[in-house]
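Worksheet: the structure to be examined is printed underneath.
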Amino acid sequence: MLDVRVRSQVGFEPEPRGSHPYLYVDFRTLHSRPQSAGPVSARNVRRLLSFQRYLHSSRFIRGIPASNPLGYLLDDDYTGQAKLMLEKVGNWNFDMFLFDRLTNGNSLVNLTFHLFNSYGLIELFQLDMVKLRRFLVMIQEDYRSQNPYHNAVHAADVTQAMYCYLQEPKLAETMTSCDLLLGLLAAATHDLDHPGVNQPFLIKTNHYLAALYKNSSVLENHHWKSAVGLLRESALLSHLPTEDRLNMEERLGSLILATDISRQNNYLSEFRAHLDKRDLCLTNGGHRHFILQIALKCADICNPCRPWKLSKLWSEKVTEEFFHQGDIERKHHLEVTPFCDRQSNSVANIQIGFMTYVVEPLFVEWSRFSDTRLSQTMMGHLSLNKQGWKEGRDKQEASTSRASEEQRTSAAKDSNSKELPQGSKRS
């Protein structure tokens, strides 16, 4: 069953909704409307203007022929510093925040289009470039920019990380063109329409998505079905045989569902077992797909493995989003999710725990699988960043302890000074 992103010919299909009193969370509601109805939604206006801007700036719309068939959609977008950055898109130090500024907030569109082009996927799958550009614009618009972390910039960052992993020798030598297409699509859409709160929040507030997906991989199912809806709306793959298209949609779902953090130990145990047995064979389609799942999982949580400057910024953004959820929970007298409680937690403590129990175990196994310079670089950054957070936490605790001691000393002095006159008076 497709949800919010499956459209009818006359507008948006409605999505069933349960009782959800927490309307301060901006969950999008889409309603079907007749063609004669009033103005289109603000999001559709943004989409239309974004797409028209791309077309208007192209040589194609002005009827100027180009020797490079891709040139008319690339010329005006890929200029200056942004173009220079894309020449080094495989660099692990790639600064997605800077790239997003240089592309005027269009990092996901420009990066993904560039990667499709560099892999030759447009020609291999005979993709219509106008449909592709429209599809990417729709993806970018359907990420919620008000989310501090789960937004289009995060999706672009995960896509760039996925590209780095696909360039690793073991993957580059074995992945098929279909694997590459699905890997990039999954990375770009893996958090599509993320509401900025986690699954337990949706469940305890009786959100309609929790009911729709029976409290199981709620967000991941929503991201997947949303992506499929956009694929169908854009008709990007409509020229492919139905069986092939449906198979690709299912494989896309399998990749996105693998990012469910609650299933982390299942994937990690299976990955570790394969490595222990040394039975991974990447000429086997099932094994290749499993490695794509692991690669996407790594890409999704790789921020602690980036250079400190980038890693710290991502950490602050995700913690801001966590704390915002905690504030909502406290305001409405809900049980506050432990790592979302700003009163009892800090960025440092959350990151140290995340690195220790989630990131490090996965990347240790990835390094066993792909023992390359990139893996060594990531593990090096992970170690340094973890130490950086520990040192920052220790300094903060020491500073807090000194401040408390000074307050106690000051209070004691004030107490003594007040007692002296009384004693003098009695004498």
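Positions of Cβ are set from backbone N, Cα and C atoms, glycine also.
From a predicted model like this one, the values you see are computed outputs, not experimental measurements.
Residues annotated as AMP binding site in TrEMBL: HIS150, ASN151, ALA152, VAL153, HIS154, ASP191, ASP300, GLN351. Sequence-distant neighbours of HIS150 (AMP binding site) (same chain, 6+ apart, CB under 8 A from its CB) are TYR143, ARG144, ASP191, HIS194, GLY196, GLU321.
The annotation active site, proton donor is assigned in TrEMBL to HIS150.
Among the features that TrEMBL reports, Zn(2+) 1 binding site is placed at HIS154, HIS190, ASP191, ASP300.
For ASP191, the entry in TrEMBL reads Zn(2+) 2 binding site. All protein chains considered, the CB of ASP191 (AMP binding site) has 25 other CB atoms within 10 Å.
The region 'Disordered' feature in TrEMBL is assigned to 385-427.
The compositional bias 'Basic and acidic residues' annotation in TrEMBL covers 388-408.
Looking at VAL153 (AMP binding site) and HIS190 (Zn(2+) 1 binding site), their Cα atoms lie 12 Å from each other. It is 10 Å from the Cα atom of HIS190 (Zn(2+) 1 binding site) to that of ALA152 (AMP binding site).
Sequence-remote contacts of a segment are chain residues at least 6 beyond its ends whose Cβ falls under 8 Å from one of its Cβ atoms, and for the compositional bias 'Basic and acidic residues' (388-408) they are 308, 312, 315, 346-349, 351-352, 355.
DSSP places the residues of the compositional bias 'Basic and acidic residues' (388-408) in helix, strand and coil in these numbers: 21 helix, 0 strand, 0 coil. It is HIS154, among the binding-site residues HIS154, HIS190, whose Cβ has the fewest other Cβ atoms within 10 Å in the structure shown.
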